[in-house]
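What TrEMBL says about this protein:
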type     : residues : note
TRANSMEM : 53-79    : transmembrane segment
TRANSMEM : 99-119   : transmembrane segment
TRANSMEM : 169-193  : transmembrane segment
TRANSMEM : 225-242  : transmembrane segment
TRANSMEM : 263-286  : transmembrane segment
TRANSMEM : 325-343  : transmembrane segment
TRANSMEM : 413-435  : transmembrane segment
TRANSMEM : 441-460  : transmembrane segment
TRANSMEM : 472-490  : transmembrane segment
TRANSMEM : 505-525  : transmembrane segment
Amino acid sequence: MAPEKESNGLDNYAFGLEGRFCDLPDTKHKEKLDTSLDEDHNKLAYCVTDVPPWYLCIILGIQHCLTAFGGIIAIPLILSQGLCLQNDGLTQSHLISTIFFVSGICTLLQVTFGIRLPILQGGTFTLLAPSMAMLSMPEWTCPAWTQNASLVNTSSTEFMEVWQSRMRALQGSIMVGSLFQVFVGFSGLIGLFMRFIGPLTIAPTISLIGLSLFDSAGISAGNHWGISAMTTALIILFSQYLRHIPVPFPTYSRDRKLHTSPVYVFQILPVLLGITLSWLICYLLTTYNVLPSDPEQYGYLARTDLKGNVMSQAPWFSFPYPGQWGVPTVSLAGVVGILAGVISSMIESVGDYHACARLSGAPPPPKHAINRGIGIEGLGCLLAGAWGTGNGTTSYSENVGALGITKVGSRMVIVASGVLMVVMGVFGKVGAIFTTIPSPVIGGMFMVMFGVISAAGVSNLQYADMNSSRNIFIFGFSMFSGLVIPNWILKNAKAIATGVVELDQVLQVLLTTSMFVGGFFGFVLDNTIPGSKHERGILAWNKVHEDDSSNTLESGEVYQLPFGISSYMSSSSWLRYIPFCPPVVPSSLDGCGADTNALEPKQPLGHPEPSQIIVGVAL
C-alpha cells in the first residue's frame with residue numbers, strides 16, 4: 001500500500017489560479033452548508049480525458065514522481081535489512097532502479113488498460129509486512145558476518161547467494177500470490193469480498209502495518225537520534241505548520257506580464273524537502289568532520305561518505321529484466337503470507353479508484369472498470385515479482401491527493417509520470433543517489449511515514465459507531481492480539497512444532513504478520529458477533545462507494561478500452577457477460593460540466609493558467 005491511504009489532498013489549494021475551469025456540477029446529495037467549499041473543490045483546469053500541453057504533462061508528471069518517492073524508496077531500504085544487504089549500497093541502488101522501472105510499467109498498464117483513471121502505481125507496504133515476516137524465519141536469518149561491513153565482500157559468490165536466495169524466495173511467493181489478485185479482479189469477485197469486509201476489519205489491518213514496522217524505524221533512527229529528530233521535525237514543520245503559507249514566485253502571463261504567484265510548495269513536497277535539507281546538513285557535518293569517522297563511535301552512520309563509492313560504481317545505464325536474480329523459488333508459507341497483503345491492497349485500491357474519479361472529473365467507476373483495475377494491479381504484482389523488486393504494486397493515494405492540489409485531472413499527466421519512472425529505472429546513477437541518504441535521515445522519515453499509516457488505518461473507524469461496546473471490543477482485541485501474538489512467536493520460534501514442516505512454516509509466517517493476525521480477528525469477530533449494519537459502519541462504508549456525483553463525462557468515454565478494443569468487443573454479444581469487458585460504448589458525450597467544449601484539448605498558447613501551474617510544480 002501507499003502511505004497515507006486516506007488522504008485525498010482536499011484541504012486547500014496549492015496554487016492561486018485564476019481563469020476558466022472545467023466546472024463539475026454539485027452532487028445531488030450535498031448539503032447547502034457545504035456548497036461554497038465544494039464549489040471551489042470542483043474546479044478542474046483539465047478533466048480526465050483532456051490532454052494538456054506536453055510541457056505541462058512533463059512538469060506535473062515530475063511532481064507525481066516526487067510525491068511517490070518516499071514510499072517507493074522506503075521499501076527497498078527496509079527490505080535490505082531482511083535480505084542481508086545493509087552493507088551493499090550498490091545492490092540497494094539496483095533494487096531502487098528496478099522498483100522505479102516496474103512502477104512505471106505498471107502505471108502505464110493501469111492508465112491504458114486498467115481502471116483508466118489518473119492513478120499512479122508503486123510499491124506497497126501491505127506486502128512488506130508478510131515479506132519481512134517470511135525473512136524473519138529461522139532458516140532465513142542473516143549470517144552474522146553479513147552485518148559486519150569489514151567482513152562483507154559484495155562481489156563474492158557466497159555473499160551474492162545469501163541475498164539472492166532470499167530474493168528468489170520472495171519473488172516466487174509474490175508471483176504466485178499475485179495470481180489470486182488477477183483471478184479476483186478479472187472474475188469480478190472483488191464485489192463479493194467487499195460485501196464481508198468493513199471498517200472494523202480494515203482499521204486493525206492497516207494500522208498494524210505501520211505499528212509492526214516500529215523496529216525498523218527505531219533501528220535506523222537510533223543510529224543518530226539528533227539527525228533523525230531533525231528530519232522528523234522538518235517534515236512535521238513543512239507538512240503541518242507551513243502548508244498553508246504560500247511562497248511568492250515570479251511568473252509571466254500574457255495578460256498580467258511579469259508578476260508573482262503564490263505557490264504552496266510546503267504542502268506539495270514536505271517529505272522531499274525535509275529529507276533533502278537533513279541530507280544537506282549531514283553532508284556539511286561530514287565535510288567539516290563534525291560527525292565521528294570511527295565506525296565504533298555513535299553517530300558514524302550519519303555520515304554521507306559511507307557509500308561514496310556507490311555513485312562511481314553504479315552504471316549510467318542498466319536495464320532491469322525478469323529473472324535478473326535467478327529463477328524464483330516458491331514456498332507455501334510465503335504464498336499464504338503474501339495473500340494476506342494482497343487482499344488488503346485490493347480493498348484499499350477500490351477506495352482509491354472512487355476518490356480518484358471524484359478528483360479527476362470522472363463519473364464513479366463502473367464494475368467492469370474496477371474489476372479490470374484490480375486485475376491489472378495483480379498483473380503488476382506479477383511483473384514486480386518477475387523483475388525482482390521484492391515487492392508488488394498498488395495505487396498511490398498521495399498521488400490521488402495531488403490531483404486535488406494541482407486541479408489537473410488528466411490521465412496523460414500520469415502517463416508522463418509512468419514514462420519518467422521507467423527512464424529513472426534505466427539510469428543506474430539515479431538509484432545510486434538515494435542509497436547515499438544517511439540511515440538516521442531515513443529513520444526520521446520512517447517515524448512520520450509509519451505513524452501516518454497507522455493513523456490512516458484508525459481513521460476507517462469514523463464509519464463505525466465507536467460508542468458501541470461491541471465495536472470497541474472488536475477493535476481493541478484485534479489490535480492487541482496483532483501486537484502480542486507476533487511478538488511472542490518471534491521470541492519463541494520453536495514453539496510451533498506440529499510435525500509437518502510445511503504447516504509449521506505457514507503458521508510461522510502468518511502468526512508473525514501483525515496485519516494478518518489483527519485483520520483475521522477483526523474479520524471473524526465483526527462477521528459473527530451480532531450487530532446492525534449501521535453499528536458496524538457497513539452502511540456508511542458502502543455509501544462512500546456509491547454514485548454520489550453526477551456524471552461529468554459519459555462513463556464509456558472514460559472507462560472504455562483504448563485503440564478501438566471496446567468497439568470490437570461490443571460487436572460480440574457474448575463478451576458482455578465477461579466481468580471486465582465494458583458495455584456498448586455510447587456515441588455522445590455530456591461534456592465536462594455545462595461546457596461541452598471542455599473536453600477539447602486546451603490550447604498551449606494564449607492560455608494563462610498552465611504557465612502559472614508550471615511555475616508552481618517546477619519547485
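Every residue, even glycine, has its Cβ placed from backbone N, Cα and C.
Below 8 angstroms of C-beta separation, residues 52, 56-58, 60-62, 64-65, 73, 89-90, 92-108, 111-112, 118-121, 307, 310-311, 313-320, 399 of the same chain, each at least six residues beyond the ends of the transmembrane segment (413-435), sit close to that stretch. If you count C-beta pairs under 8 angstroms between the transmembrane segment (263-286) and each of 53-79, 225-242, 325-343, the highest count goes to 225-242. When the stretches 99-119, 169-193, 225-242, 325-343 are ranked by Cβ pairs under 8 Å to the transmembrane segment (441-460), first place goes to 225-242.
Within the same chain, residues 79, 127, 131, 134-135, 140, 325, 328-331, 334-335, 337-339, 341-343, 345-347, 350, 367, 370-382, 384-386, 388, 390-392, 579-580 sit at least 6 positions outside the transmembrane segment (169-193) and bring their C-beta atoms closer than 8 Å to a C-beta of that stretch.
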